[in-house]
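J.: Please read through the structure below; I'll follow up with questions.
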Amino acid sequence: MDRINVSTVSEFIFVGLSDAPQVRFLLFVLFLLVYLATLAGNMTILVAISTDTHLHNPMYFFLCNLSLLDILCPTITVPKMLEALLFEKKGISFTGCMVQLFFLIDVVGTEIFLLAVMAYDRYVAICYPLQYVNIVTMKLCAHLVIGTWIAGFFNSLLHTSFIFTLLFCDSNKVDQYYCDIPPLLALSCSPTYTSELVILTVAGVLGSGAFLVTLISYVYILLTILWTNSAESRHKAFSTCGSHLTVVCLFYGTTICTYVRTSSSYSPNQDRIVSMFYGIFTPLLNPMIYSLRNKEVKSTLRRMTRQVRTAL
């Protein structure tokens with residue numbers, strides 16, 4: 001009976017957005033343009049890879065999944081934020097908040113695992129080029145990608161379950177523009193030690209495992225590149241791996257700052273900036289940093305542009 005009386009929150013209110021009408025409109029335009037550009041960039045990559053048979057190989061198969069995740073991540077949070085900015089509807093139901101949290105953690109976790117898989121793919125391609133076709137088969141790629149999605153699902157299910165069992169009674173104002181673990185932990189009026197311990201442990205083990213796979217892969221890649229006599233081969237390897245490593249550093253850096261910490265160190269202002277970067281701007285930057293710098297992808301995009309112009 002006490003639990004029923006205490007847990008009175010049925011709706012959360014986002015207070016991480018400005019209340020000034022002029023600022024709200026400017027933020028609405030900015031985030032709408034960024035969101036549309038993100039959708040356009042990643043959809044272009046998906047269409048280019050799916051329509052060009054020359055790009056039907058493991059590297060671009062993983063890239064397709066990365067672009068899909070980069071579409072899903074802002075789609076989970078940005079539309080609700082745009083609604084709050086335009087119509088001042090800042091409320092979200094308790095169930096809606098948990099659903100949003102589940103899908104957000106699912107996508108973020110899946111992308112962490114996928115980046116590790118992509119690092120392993122580059123490791124085999126550069127360190128064992130002659131055996132690459134036999135080692136990294138499309139069957140293995142399918143199993144690895146399915147594994148990343150399954151791991152992301154169960155990781156999110158665990159985290160969301162612990163957040164779902166917390167009590168929220170003192171306030172329903174979430175100091176963020178979407179439902180996320182740190183602001184909800186800070187808002188809860190029940191002890192969060194167990195939830196924080198489990199979240200930090202699971203995030204530490206899984207995140208560290210994925211990071212170690214990425215780090216070890218790139219150590220071997222770097223050593224192999226340095227031992228290569230061909231300047232052209234070194235340049236090509238550095239170009240491809242440098243782009244991927246940039247994406248990895250951006251994503252890992254921002255997600256670690258957001259999730260690998262206790263609620264006592266939670267800073268709303270800092271968290272809003274960091275989460276806005278990995279949730280909105282990183283999916284926009286990924287096609288430019290990684291995909292659109294690839295010669296094969298750029299060649300396909302030029303061919304598609306010529307076909308569109310001819311059709312028009």
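The backbone N, Cα and C atoms fix where each Cβ goes, glycine too.
Note that the coordinates shown come from a computational prediction; the quantities given were computed from them, not determined experimentally.
The following feature annotations were taken from TrEMBL:
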{"type": "DOMAIN", "residues": "41-290", "note": "domain 'G-protein coupled receptors family 1 profile'"}
{"type": "TRANSMEM", "residues": "25-48", "note": "transmembrane segment"}
{"type": "TRANSMEM", "residues": "60-78", "note": "transmembrane segment"}
{"type": "TRANSMEM", "residues": "98-120", "note": "transmembrane segment"}
{"type": "TRANSMEM", "residues": "132-154", "note": "transmembrane segment"}
{"type": "TRANSMEM", "residues": "197-225", "note": "transmembrane segment"}
{"type": "TRANSMEM", "residues": "237-261", "note": "transmembrane segment"}
{"type": "TRANSMEM", "residues": "273-292", "note": "transmembrane segment"}
J.: Answer with yes or no whether the transmembrane segment (273-292) touches the transmembrane segment (132-154) by the criterion of at least three Cβ pairs under 8 A, sequence separation 6 or more.
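T.: As far as Cβ distances go (cut-off 8 Å, pairs 6 or more apart), the transmembrane segment (132-154) and the transmembrane segment (273-292) do not touch.
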J.: I'd like to know the mean pLDDT over the domain 'G-protein coupled receptors family 1 profile' (41-290).
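T.: The predicted confidence over the domain 'G-protein coupled receptors family 1 profile' (41-290), as a mean pLDDT, is 83.
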J.: Other than its close neighbours in sequence, what residues sit by the transmembrane segment (60-78), given a CB gap under 8 Å and a spacing of at least six beyond its ends?
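T.: Distal contacts: 31, 35, 38-39, 42-43, 45-46, 49-50, 100, 103-104, 107-108, 110-111, 114-115, 117-118, 121, 138, 141, 145, 148, 177-178, 279-280, 282-283, 286-287, 290-291, 296-297.
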